[in-house]
């Protein structure tokens, strides 16, 4: 693949729309654009300027559509190359035809993520920022959007670069001590530096779960005895009536799912059948399914009616379970500080419960860092090498520190295999 030749792609989603965008980038992009454009010559436009005209078939002179043409000149463009965008009406037929004439004039259809790949190769962004582009495109919740934008703006890259520089400075100092002991080079507190870098790596890894949940979403299971108030609590969390509520125990015989966003996290809240001992085979199936849902959930709300005697707890994954005492507006039959009191009727305790859900899913840091699986692997490798370095004397820790610095460099793509880069960009859409 020639990474200088002109490429083109439809940059807007498939289907009909008010506006469609076709991108053209690479050597000769302005010349190709001039041949398919009737209006002000794109070659005469300054970067960041636009013109109104028509996209035409240069072989027949036939107009394809009225359009706006935008010119971005190298290196001040997304790709770092000369780049042209045609903004047409969002008709699939129009967009296909524009692509046809561009290809006929010498451009080739872009591969997946090739525009962003060229931006990476031309130094417009590092690999962590390129991954942030994809995360921003795919973001479904507000937290994922914030994470991706911060990474795209370089927040993670700057943090990693600072750690990498600390290790490289330490390596240089250790090497100077070994090579020129007679010069009296001041010894550096290597252990303290390594522990500080290790603490930063640990802090990043602590946010890996939050990053995954922000990007992929989480499942929240409501588990409890019949008539414990699970359906009412679900409706209160949603802010509208989704689940059927009845004073008759056992109203919910199967599970019910509803989408919910809390603190920017896309959740699927699952209201389950009441968990109790029963001879009814249908209800028993519902109970078994409820317990299975709890095992697979990212977080469980164990819901108990505080106005009634406390039941024996069911088998639940307690490490990721919050205990909720419902009907707190009624006189209590028991008190337990491990339970969060909530009234679905008055709303008392709902904000505290939501905050507890946020902290259980995201931790105290709040999950503002975007980390991909590839980046987490690199951080784990860096942590392993830093821990190894701590167990070695100064004159032997150099190799472990070099490998730790190299692992950190993988995050931003400074030292990364070609196949890894290809794997990152194969998940992109064609027009990006």
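Glycine is no exception: its Cβ is also placed from the backbone N, Cα and C atoms.
So that you can see what the record holds, here are the features copied from Swiss-Prot:
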BINDING   23, 85, 124, 432  (6S)-5-formyl-5,6,7,8-tetrahydrofolate binding site
DOMAIN    217-362  domain 'TrmE-type G'
BINDING   227, 246, 248, 251  K(+) binding site
BINDING   227-232, 246-252, 271-274  GTP binding site
BINDING   231, 252  Mg(2+) binding site
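Distribution of Swiss-Prot features across the structure.
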residue	record	Cβ neighbours (10 Å)
23	(6S)-5-formyl-5,6,7,8-tetrahydrofolate binding site	25
85	(6S)-5-formyl-5,6,7,8-tetrahydrofolate binding site	20
124	(6S)-5-formyl-5,6,7,8-tetrahydrofolate binding site	18
227	K(+) binding site	22
230	GTP binding site	34
231	Mg(2+) binding site	24
273	GTP binding site	27
432	(6S)-5-formyl-5,6,7,8-tetrahydrofolate binding site	21
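In the three-state DSSP assignment, the secondary structure recorded for residue 231 (Mg(2+) binding site) is helix.
It is 43 Å from the Cα atom of residue 432 ((6S)-5-formyl-5,6,7,8-tetrahydrofolate binding site) to that of residue 231 (Mg(2+) binding site). Residue 231 (Mg(2+) binding site) and residue 85 ((6S)-5-formyl-5,6,7,8-tetrahydrofolate binding site) are 51 Å apart (CA-CA, integer value). Across the residues of the domain 'TrmE-type G' (217-362), the predicted structure has a mean pLDDT of 87. On the backbone, the CA of residue 227 (K(+) binding site) and the CA of residue 124 ((6S)-5-formyl-5,6,7,8-tetrahydrofolate binding site) stand 58 Å apart.
Secondary structure of the domain 'TrmE-type G' (217-362) per DSSP, as helix, strand and coil residue counts: 41 helix, 37 strand, 68 coil. The distance from the Cα of residue 23 ((6S)-5-formyl-5,6,7,8-tetrahydrofolate binding site) to the Cα of residue 231 (Mg(2+) binding site) comes to 50 Å.
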